[in-house]
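To start, the structure itself, in structure tokens.
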Amino acid sequence: YLLLLCLPLTLMGTGAVPPGPSIEIHPRIVGGWECDKHSQPWQALLTFTNGLDGVCGGVLVHPQWVLTAAHCIGDNYKIKLGLHDRFSKDDPFQEFQVSASFPHPSYNMRLLKLLLSDELNDTYYDEISLGADFSHDLMMMQLEKPVQLNDAVQVLDLPTQEPQVGSKCHASGWGSMDPYSRNFPRTGKLQCVDLTLMSNNECSRSHIFKITDDMLCAGHIKGRKDTCGGDSGGPLICDGVFQGTTSWGSYPCGKPRTPGVYVKIFSHVDWIREIIATHS
């Protein structure tokens, strides 16, 4: 998730935030369980080369391309694949430098930079809070070389049709398990959480930001289960099909009747394929 309004510019996409209003785009798994080892072989972990670990998730959509959230944009990333326990020295994984990044051209980077700036005042706050549109929160990241596909590292196919409201979904990530934490202590082992796809109309009644046709909403009426700080860019899989990536949500995570918001991948399939075809 993007903890909307709170990420400092130097930690874009990390989920580390100073105190601020409770308008948030965050990333983390709350109310889930430890995924079976390598049951999500397309799951990627974005890390900084300076040692800051676990800033965002991602999805392997091609042997040399990872899809993540545009709000995770930053410099000097490494990407880990085939990882389960990020604290284990015995957990084998593949690690790659990022050779190029391509945020979606329609994502509102100006709004993101404004959100993360030190100049946030009442005027800017109104601009952000009143129907701000964070659609197209996607970024393609090209790896320095293709991955080696095996049982722990696999490409996740793009969807061929939209999901239906009520679909049973699950999300995964190494994000925070504490819905109230603003420092996002992250889990060591990959977590999964089951979610239900909810209607965008219902979702729009729960959030002050704009809910568009290029977004999906997933959660539970009673709350308690959600993605959260650190899970941004990770996959949402509905009825066995890749349908979304974690984008933003409320604070605290897992509030009743307040589903998390995901990018609708079906709306962006052509763009994803175009990036791969043009730059591979």
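Cβ coordinates come from backbone N, Cα and C, glycine included.
Of the listed residues Cys217, Cys228, Cys228 is the one Swiss-Prot pairs with Cys253, by disulfide bond. Between Cys238 and the candidates Cys35, Cys56, Cys72, Cys169, Swiss-Prot annotates a single disulfide bond, the one to Cys169.
Neighbours of Cys217 (disulfide bond), defined as other CB atoms within 10 A of its CB across all chains, total 26. For Cys228 (disulfide bond), the number of other Cβ atoms no farther than 10 Å from its own Cβ, over all displayed protein chains, is 35. The shortest Cα-Cα distance between Cys56 (disulfide bond) and any of the active-site residues His71, Asp137, Ser232 is the one to Ser232.
Take the disulfide-bonded residues Cys35, Cys56: by the count of other Cβ atoms within 10 Å of each Cβ, the lowest one is Cys35. Of the disulfide-bonded residues Cys169, Cys192, Cys238, Cys253, Cys253 has the largest number of other Cβ atoms within 10 Å of its own Cβ.
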